[in-house]
């Protein structure tokens, strides 16, 4: 056991003495030491229940003959950080989480670890630590929140964000907005649609790093507690088998995950997190792989924000495994998972308990919702290194569009203008200097896109940014434009009124300005300098472009 280095032999008497100070007995010294890495806190709805899941995990570890030791990581709520400087700290927190897990696990020589994250950057941070450390590990994602129910329809956090835009446009009363505010977020769990947190939970299961059914089992469901307990039991077996993440996750595993991503219409943030995760596993995952697999993998289930169904419906219809079942002819079924079985072997044991709902909301390869997957990668004179759009959530009328640019150098300026009614049908809103370095921190533009949506403009207005979007964003919203403005990317050269061409079927994003004019602008271009201090200053110096996953040196 790895932990032998801190607990065996006369020379380790002092180490054992410290362990005994925590209550460890001599008999426990002979058992595997398991880290329970918990991102519980009291301000993030997706994390307020993780203390209970950690207790279940620890019970499972003890049942199987291990000794659990719990420690905590940070966790940022993107919803609470949205629309102000706090969002600059969200993406950077991913690497902080990964680094702190490495520090704790390496310093204390744990034999294995159970990782308990829920929300947007916390799940990838935990996964990246699993790839970097490569000790036996299993992930228990915290599970979705139940949807709200207002005015005889299901609602979620995005309903509230869009309600703000509707209120500003005079389409919603203050009392109606208050009702949405009070009733749309029903309690513990990640926001109730196929937004970033739930997309990453699905990616975790598709990669084989969590037990079957974990991704969609809801935060308040007893099934989640049982999965947590079973995960605690399983980690002890993983230690004995020396089955580590790099023996489970391969290039083919990432291809499987991307195909599932395309089928469920997942968040564009996967194009940041999966390449960064692959990097920690010693693999490469370029943007072109996403687009190649999108062209051959159909979109099979219409989930919020691009459709009517919530994670609750998806879970009842069979969850990730039900989609894997539909995609079986395309997937690498020989890939291993943390339960020791291959994806194909897990499928053999799959029971669909609600066959009617399964058939109603998860379509087939022969009759999909869309022939292509949920995400498209666009390139052109405005994005030479690429950009991404959730094409599954774009109105057909806006899949091909050319319009005049309305340019803003930060999200706050754009929001004021949108809410003031300055943005008109046909316009293309450009928000720049919001990339990984330029922000710094690559903020999400959900407040802006939700305001546009709430004002009824998503069928006529597009938004382009070198920042990124929430998984809750819908409409013709193109993000991760690379190179970013602060690095001299063409998005920094756009002026008000310039025509921009968007062609999603052809994967084109062009600035309709002559080469001669662009060269003139480039010669005079000086990106604004932002004074940043503390962690953001270190992050700005070391972060890489969005098209490579925004990894940090």
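Every residue gets a Cβ built from N, Cα and C, even glycine.
Predicted, not measured: the structure shown is a model, and the values here were computed from it.
Among the features that Swiss-Prot reports, Mg(2+) binding site is placed at 78, 120, 121, 444, with the record citing sequence analysis. Sequence annotations record features per position, and here Swiss-Prot assigns [2Fe-2S] cluster binding site to 119, 191. The N6-carboxylysine feature in Swiss-Prot is assigned to 121; the stated evidence is sequence analysis. Annotation comment: Swiss-Prot describes 470 as active site, proton acceptor.
Sequence features, as recorded in Swiss-Prot, placed on the structure.
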residue	record	Cβ within 10 Å
78	Mg(2+) binding site	29
119	[2Fe-2S] cluster binding site	28
120	Mg(2+) binding site	33
121	Mg(2+) binding site	29
191	[2Fe-2S] cluster binding site	31
444	Mg(2+) binding site	30
470	active site, proton acceptor	29
Checklist line | DSSP three-state assignment (helix, strand or coil) for residue 78 (Mg(2+) binding site) | finding: helix
Margin query: For the Mg(2+) site (78, 120, 121, 444), what does the 8 A shell look like? I mean other same-chain residues with CB within 8 A of the CB centroid.
Written below: 76, 81, 87, 90, 91, 119, 196, 197, 269, 470
Check: What is the separation, in Å, between the Cα atoms of residue 119 ([2Fe-2S] cluster binding site) and residue 78 (Mg(2+) binding site)?
Finding: 8
Checklist line | For residue 191 ([2Fe-2S] cluster binding site), the three-state class that DSSP assigns | finding: coil
Checklist line | Spatially closest candidate among 120, 121, 444, the listed binding-site residues, to residue 191 ([2Fe-2S] cluster binding site) (Cα to Cα) | finding: 120
Check: C-alpha of residue 121 (Mg(2+) binding site) to C-alpha of the residue listed as 'active site, proton acceptor': distance in Å?
Finding: 11
Next item on the list: Would you mind reading off the Cα separation of residue 120 (Mg(2+) binding site) from residue 470 (active site, proton acceptor), to the nearest angstrom?
Entry: 9
